[in-house]
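Quick look at what TrEMBL lists:
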{"type": "TRANSMEM", "residues": "25-50", "note": "transmembrane segment"}
{"type": "TRANSMEM", "residues": "70-87", "note": "transmembrane segment"}
{"type": "TRANSMEM", "residues": "107-125", "note": "transmembrane segment"}
{"type": "TRANSMEM", "residues": "137-155", "note": "transmembrane segment"}
{"type": "TRANSMEM", "residues": "175-192", "note": "transmembrane segment"}
{"type": "TRANSMEM", "residues": "213-239", "note": "transmembrane segment"}
{"type": "TRANSMEM", "residues": "251-271", "note": "transmembrane segment"}
{"type": "TRANSMEM", "residues": "323-343", "note": "transmembrane segment"}
{"type": "TRANSMEM", "residues": "349-370", "note": "transmembrane segment"}
{"type": "TRANSMEM", "residues": "377-398", "note": "transmembrane segment"}
{"type": "TRANSMEM", "residues": "410-429", "note": "transmembrane segment"}
Amino acid sequence: MVALTSSLVISWLFAKSITNAANLGLAFGLVGGVAYAAYYLSFAVAGFVIYDMRTRGGFRSIHHFLSERFGRKAMILFSLLICFRLFNEVWSNTMVIGSYFGGVGEPAYYAAILVFTALTLAYSLKGGMSSSILTDVIQMVLFGVLITIILLALLPKVEYDLAPVLSSGEWTMAAGGNLLLVAILQSFSYPFHDPVMTDRGFLSDPKTTLKAFLWAAPIGFLCILLFSVVGIYGGIAGVQGQAPVEVAKLLGGPILLVMNFIMITSAASTLDSTFTSFSKLAVVDLGAGKGLARPQVQGEVKKQWATKPDGSQIFFSSPKEQGLLSAGRLAMITIVILGTIPVFLNPAILSATTVSGAMVAGLAPVFCLWRIKAPPLSFWLSVGFGLFCGFMLVSGLWPEWLTVSSGKYADLLGVTLVEVVGCFSLYLLGMQLQPSEP
């Protein structure tokens with residue numbers, strides 16, 4: 001259970017996540033850190049739902065559930081949502097790495113991103129960090145050591161007085177409260193379009209898995225909250241810009257080196273998991289590698305050990321299996337190319353979480369109400385409405401009269417509230433319009 005818990009936690013301690021936590025701490029104080037850490041409620045929600053689906057429904061995976069309940073077309077749409085999630089993970093994490101080597105637009109910034117991405121891809125193509133959950137345990141321990149070093153370096157700067165940290169920010173809607181409510185509401189849909197998390201929900205026996213997910217929630221919450229202290233100190237010191245970078249510069253060369261190391265290890269781990277998950281999605285779940293398989297020539301033997309998308313080792317000997325392996329590698333290269341393009345458009349790193357969360361709000365009733373046998377129409381109405389609302393937000397067309405609060409993220413909160421009510425209502429309406437077969 002320790003290994004699985006560590007794997008779950010480290011899989012969500014992205015470079016972009018800890019950067020967002022620090023930046024929100026800088027912007028809103030302790031409220032900002034708590035708001036972003038609230039996304040880690042997702043572990044508890046996913047843990048209970050997956051446990052129930054496995055023990056009561058006998059489902060072997062998320063894709064198995066969707067195919068059986070709503071049909072292949074629904075499963076394909078869900079897979080596209082996953083692709084959007086994985087696509088966001090590439091650029092949002094590599095941009096963090098680039099920020100440690102230069103400003104946006106500078107040659108060093110783009111060079112660092114391209115080199116880092118290429119090296120991680122090369123490592124992933126050979127099996128990489130996903131070859132063993134043991135690697136995740138090591139990375140979790142390493143993260144704990146590094147964050148401890150950083151916090152110990154910060155304590156003398158505040159004269160060992162935590163009062164300024166604990167009293168930072170204002171507990172109001174405009175000063176971080178909007179994002180806090182958004183995080184809590186999105187936690188009921190957000191985890192289900194993250195294959196890195198959900199795939200781990202089917203690795204061990206149900207009880208062990210549930211315990212691991214429930215432990216991962218408070219541990220992940222604490223890790224993010226602690227890292228937000230970096231940004232909170234930055235606010236006290238009056239820094240501007242990317243909180244982790246600027247605070248590390250204030251603390252001196254050794255701490256800047258530690259900060260670089262923690263970002264590189266977390267980003268590399270995230271990218272490796274992203275490449276692997278996309279490979280599994282394309283080849284295993286969607287069957288994209290069938291066209292690369294070829295008949296075996298009589299007497300032909302090609303033997304090779306390789307790493308499967310779930311991290312286990314497999315012995316490849318047939319041309320068909322080698323074709324699938326080649327397809328998986330091609331999928332990795334594809335997501336790298338597509339996921340790197342936004343780097344040159346300079347999007348906001350936090351939008352990789354908030355916008356993605358808005359787009360997939362329609363998954364909440366699909367999974368939270370999974371025991372109720374609903375028809376395919378329910379899926380399409382709920383997910384379709386969520387996508388529509390997310391598109392309206394991204395395109396700037398969301399009507400102001402539906403904004404129920406003020407301050408930053410007020411529009412996002414308005415969208416999320418409308419989505420929760422609308423998606424659940426439409427999901428239930430679909431059951432009335434198209435009753436399921438008994």
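From the backbone N, Cα and C atoms, a Cβ is placed for every residue, glycine too.
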- Message: Would you say the transmembrane segment (107-125) and the transmembrane segment (323-343) are in contact under the rule of three or more C-beta pairs closer than 8 Å, pairs 6 or more apart in sequence?
- Response: yes
- Message: So if I exclude everything within five residues of the ends of the transmembrane segment (213-239), which remaining residues of that chain have a CB under 8 angstroms from its CBs? That is, six or more out.
- Response: 1, 5, 8-9, 12-13, 17-18, 21-27, 29-30, 32-34, 36-44, 46-48, 50-51, 143, 147, 150-151, 154, 157-158, 164-165, 168-169, 201, 246-247, 250
- Query: Under a criterion of three or more Cβ pairs within a distance under 8 Å and sequence separation of at least 6, are the transmembrane segment (251-271) and the transmembrane segment (70-87) in contact?
  - Reply: no
- Grab the same-chain neighbours of the transmembrane segment (137-155) for me: Cβ-Cβ under 8 Å, and only residues 6 or more beyond its ends, written as numbers and ranges. 2-3, 6-7, 9-10, 13, 129, 223, 226-227, 229-230, 233, 251, 255, 258-259, 261-262, 265-266, 269
- Task: Quickly jot the same-chain residues contacting the transmembrane segment (175-192) by Cβ under 8 Å, restricted to those at least six beyond its ends, or write none.
- Result: 24, 27-29, 31-32, 34-36, 38-39, 41-43, 45-46, 49, 62, 169, 198, 354, 356-358, 360-364, 366-368, 386, 405, 407-410, 412-413, 416-417, 420
- Task: With a Cβ cut-off under 8 Å, give me the same-chain residues at least six positions beyond the ends of the transmembrane segment (377-398) that come close to it.
- Result: 66, 69-70, 74, 77-78, 81, 189, 355, 358-366, 411-412, 414-415, 418-419, 422-424, 426-431, 433-434
